[in-house]
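Let me begin by presenting the structure, written as structure tokens, before commenting on it.
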Amino acid sequence: MVATLTSTPPSFLPLWRRKLTTYNPTQCLGTGKEALEISSNGYIKTNTIGFPEKGISTRPGTSSTPRPPRPRRIILVRHGESEGNVDETVYTRVPDPKIDLTEKGKAEAEECGWRIREMIEKDGANDWKVYFYVSPYKRTLETLRHLGLAFERSRISGMREEPRIREQDFGNFQDREKMRLDKALRLRYGRFFYRFPNGESAADVYDRITGFRETLKADIDIGRFQPPGEQSPNVNLIIVSHGLALRVFLMRWYKWTVQQFEGLNNMGNGNLIVMQKGYGGRYSLSMHHNEEELREFGLTDEMLIDQEWQKTARIGELNYDCPMVNSFFPHFEDEGCIT
């Protein structure tokens with residue numbers, strides 16, 4: 001199943017109020033207005049209860065240099081339709097990293113770029129910019145070139161080719177019939193742990209995505225995306241990659257379980273999913289996407305509840321009302337925990 005995520009305005013999902021019996025005001029800020037009074041552009045301006053990230057001070061009156069503003073969004077884009085998407089025999093004669101986009105795929109990529117620009121311009125900011133990370137495969141590089149037609153040079157603060165967000169390795173030139181058998185075996189074995197012969201499992205992809213996430217986090221913390229002398233909160237990161245790699249990225253970022261990962265659906269070619277900065281500085285899918293879209297992508301009730309928490313939680317906080325904990329331990333039912 002392919003999930004189609006659109007640029008629907010954010011809608012409030014009152015799931016956390018329906019599912020959780022307790023609400024801890026020290027963990028959530030309550031309303032967007034309250035959050036903005038405390039935190040603008042990801043800065044925490046008061047002495048709060050929480051777990052600040054390493055090296056970042058949240059107490060007023062300290063001499064620590066405040067962090068640069070976090071990017072407003074992290075936008076994940078799957079490449080446009082490739083020749084391999086329409087003809088699997090291409091993999092038997094063309095190396096996976098060298099497979100081209102189709103003409104339809106090029107049009108999908110350009111349309112995606114204009115969708116992103118329209119979304120950003122709705123913020124009403126004049127100083128917005130974009131920064132790109134891209135897989136080194138030909139189909140993702142071509143996607144970025146066509147997506148980038150929507151942006152003039154002054155709007156692009158930079159780009160980086162990143163091998164760690166490449167496609168899952170399936171093992172050099174592929175035998176079509178053997179690949180069909182391997183994919184059938186993957187369903188039986190488990191989509192996350194099954195390793196293709198001479199290739200990778202999703203678990204292997206998880207390991208390299210973890211390294212990329214740490215690089216990305218460091219780039220965010222030092223403000224690598226900011227032009228010289230600027231401290232703008234209106235930078236948008238765009239990651240152009242592949243379906244499985246992007247699902248693994250989300251799994252790693254939000255600490256989803258293997259079972260939750262295996263319930264996700266692939267994004268359509270040239271489609272996107274948006275992680276947008278919430279009121280406390282963290283990134284939430286629910287800031288941009290509505291419940292219907294996220295359920296189509298494969299999010300469960302527990303995952304949706306967590307995304308609602310992410311909307312108002314401050315950087316470094318832990319979710320002590322995490323619904324996964326309640327559902328994992330069956331004996332908590334005796335304590336009145338709703339799972």
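Using N, Cα and C of the backbone, Cβ positions are placed for all residues, glycine too.
All TrEMBL annotations are machine predictions without curation.
Over in TrEMBL, the protein carries these features:
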ACT_SITE  HIS79  active site, tele-phosphohistidine intermediate
ACT_SITE  GLU167  active site, proton donor/acceptor
BINDING   ARG78, HIS79, GLY80, GLU81, SER82, GLU83, GLY84, ASN85, ARG139, LYS178  substrate binding site
COMPBIAS  55-65  compositional bias 'Low complexity'
REGION    49-71  region 'Disordered'
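The two recorded residues, SER82 (substrate binding site) and GLU167 (active site, proton donor/acceptor), show a Cα separation of 13 Å.
Once Cβ contacts within 10 Å are tallied over all protein chains shown, the binding-site residues GLY80, GLY84 are led by GLY80. The separation of HIS79 (active site, tele-phosphohistidine intermediate) from ARG139 (substrate binding site), Cα to Cα, is 6 Å.
Here the CA atom of GLY80 (substrate binding site) lies 14 Å from the CA atom of GLU167 (active site, proton donor/acceptor).
Largest Cα to Cα distance within the recorded substrate binders ARG78, HIS79, GLY80, GLU81, SER82, GLU83, GLY84, ASN85, ARG139, LYS178: about 26 Å as a whole number.
In this structure, the binding-site residues under consideration are ARG78, SER82, ARG139, and the one with the smallest number of other Cβ atoms within 10 Å of its Cβ is SER82.
Cβ contacts within 10 Å of the residue listed as 'active site, tele-phosphohistidine intermediate', excluding its own Cβ and spanning all protein chains shown: 33. Note on the residue listed as 'active site, proton donor/acceptor': other Cβ atoms within 10 Å of its Cβ, all shown chains, come to 23.
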